[in-house]
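Engineer: Below you will find the structure I want to go over with you.
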Amino acid sequence: MTVRDEIIDQGVVEEEEQEKVDKREPNGKDQRPRGNSEQRPTIDGRETVVGEWTEAMMGKEKVEGRKGEAGIGMGETERGMGETERGMGETERGMGEAGRGMGETKGGKGETERGMGETKGGKGEAERREGEGGETKEDLSTFEDLLQAVIGQRGRWNYLLFFICSYGSLLPAMQTMSYQVLGATPDYWCHVDQLLEANWTTQQILHFAIPFNNKTRKHEGCQMYDYNYTTAVVMGYDEAMVTLTPNRLPLVPCQHRDYDLSVYKSTITTEWDLVCERRAMYSTTQAATQIGQLAGFFLLGYIMDMYGRRRTVLVCSFLYILTAFGMCFSINIWFFIILKVFVASTGAGVYLGSFVIQMETCISKDRSLFATMYVLPWSVGYMLIPGIAYWVRSWKWLQAALSLPCLVLIAHYWLLPESPRWLVLQGRYDEALRLLKQAANMNGNVPPSDGTILTAMHTIYKKEPSTKTHTGLVKILCDYVAILRLKKLRIRALIIFGCWFICALVYYGVSLNATNLSTDVYLYMFLGGLLEVPSYVLLWPAIAFFGRVKSLAGLFFMCGVSILIVACIIFFLPEGECNFHLQNQG
């Protein structure tokens, strides 16, 4: 049943109820007119009085009015229902469109999932290709990581570079330690013209004119007896020894000296008479080496940071060759000292630059090995000196012979590479990439892609400050002072400085003391260099097993005990006995 049918039924029911009410009397009885019997109007065939009829007609009109209103309401209701049905249709149509949109959305979602599947498949393919191409997933945010990923484990390239760089350790040893034969001091005594002109032998001159020192068991080299040597020449050696020697006269200093040339034909000591009152000049020549090394290590480190390791090594190599050969043509001792300073400073540049290149091109776990093995050529160069000096007894020709191997440094122009770390910090990525790929190929390692390497280089460049900020001597001094500002760094620096001071003092003190021990200088030098070889070879496993601190402490302890034993021997032997016994053994 519709709403319209319900409204019509309700109207009919109300009309019937109203008719029943109209027929009922006020007291519940039917109201019938009395007296007059005239014809009365009827309602639905029923007689009624005028008033009743009027009321009935009015009620009927009201009912009909209500029916009309109900009909109007029903019309409006029907119109509202139509609008509702039309809205419902539009809603259904919207729902259909929404359903169609949802279907399209589901279709798009399916395509998206299919695309994601293809993406995952592509990612898997890319990962497979990366695996085939040698790509790594390692973090390349530091140069150490980059070096490990590109070069890999040590191989042919690392060993070849070590061979090239180690030459920078061999040559400085030959120039630094050669002072023992270049500046050797043979036996000497005062020059007596009158006796030499009279053809007295060396032994006759020593016995007659030169005092003998019972402590050192040698003849004095700086003083002689104040004889009338003209009278001694007239007397002759035998008569002069009997007549004049009992009356020893005061000693006078020598004006000139003669040297024993049986071992050395010439040295810088015999060339410029660096004994007695000029002995300080002899010490200055050796101090020139230490001064040159100090200046070289102090300044050349910053020069390498600004201009590159390779360029610094090449310039120092050229100056090293030039000054080393120039020492052969020294006209006086001062010229020799100046050239000695330059040889030491440029040699320090060759040594330090080659060492830095070696250390910056090997991974961290190999640095202990290459650092200890780098000084091994130093001992080899040390052992070569006595072999060359044994055959070349003149200091100028010996200096030329020791300088001749320096010409090999010219090959560094073609063989020595630049440090890839320095190239990266200077933003020279292409050169660093080419060098690292060459190293990877020689080592048989598959490097990452060029893009990955270049990206890592740029990251490293942004993280680490450029070395171009070091400019000027004031800046260099400020950087050294900055080391001492931090407490922990200051303590470590002072400890290292102290350790190096002790090492240099003991090493050079023992090594350069060959002539003072009065032994065979050539054998002493060769054994000194030979004993360094096992110490360098055993140092690396000691560091790997015990660590740096324990190894350093143990070696210092052994060194201290050995020096104390030697000091006790010298102290408890009678003065002069030590040199006497060593001389007899030599």
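Glycine is no exception: its Cβ is also placed from the backbone N, Cα and C atoms.
Unlike curated entries, TrEMBL annotations are predicted automatically.
Residues or ranges marked as compositional bias 'Basic and acidic residues' by TrEMBL: 20-49, 58-69, 76-95, 106-137. What TrEMBL records for 96-105 is compositional bias 'Gly residues'. Taken from TrEMBL, the feature domain 'Major facilitator superfamily (MFS) profile' applies to 224-586. Per TrEMBL, the feature region 'Disordered' maps to 1-137. Here TrEMBL flags 311-327, 333-357, 369-391, 397-416, 493-510, 522-545, 552-573 as transmembrane segment.
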Engineer: State, in range form, which of 397-416, 493-510, 522-545 has the highest count of Cβ pairs under 8 Å to the transmembrane segment (333-357).
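Structural biologist: Highest pair count goes to 397-416.
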Engineer: Residues of the same chain, at least six outside the transmembrane segment (369-391), with any C-beta under 8 angstroms of its C-beta?
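Structural biologist: Beyond its ends, the transmembrane segment (369-391) has Cβ neighbours at 158, 162, 165-167, 169-174, 177-178, 180-181, 355, 358-359, 362, 398, 401-402, 511, 521-523, 525-526, 528-530, 532-533, 536-537, 539-540, 543.
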Engineer: Against which stretches of its own chain does the transmembrane segment (552-573) lie, if we need a Cβ under 8 Å and a gap of at least six residues from its ends?
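Structural biologist: Residues packing against the transmembrane segment (552-573) from afar: 499, 502, 506, 542, 546, 581.
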Engineer: Taking residues 6+ outside the transmembrane segment (311-327), which of them lie with a CB under 8 Å of any CB in it?
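Structural biologist: Same-chain contacts beyond the ends: 168, 171, 175, 300, 303-304, 336, 339-340, 342-343, 346-347, 349-350, 353-354, 357, 399-400, 402-403, 406-407, 409-410, 412-413, 416, 418.
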Engineer: Across the domain 'Major facilitator superfamily (MFS) profile' (224-586), what is the average pLDDT of the model, as a whole number?
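Structural biologist: Residues in the domain 'Major facilitator superfamily (MFS) profile' (224-586) carry a mean pLDDT of 87 in this prediction.
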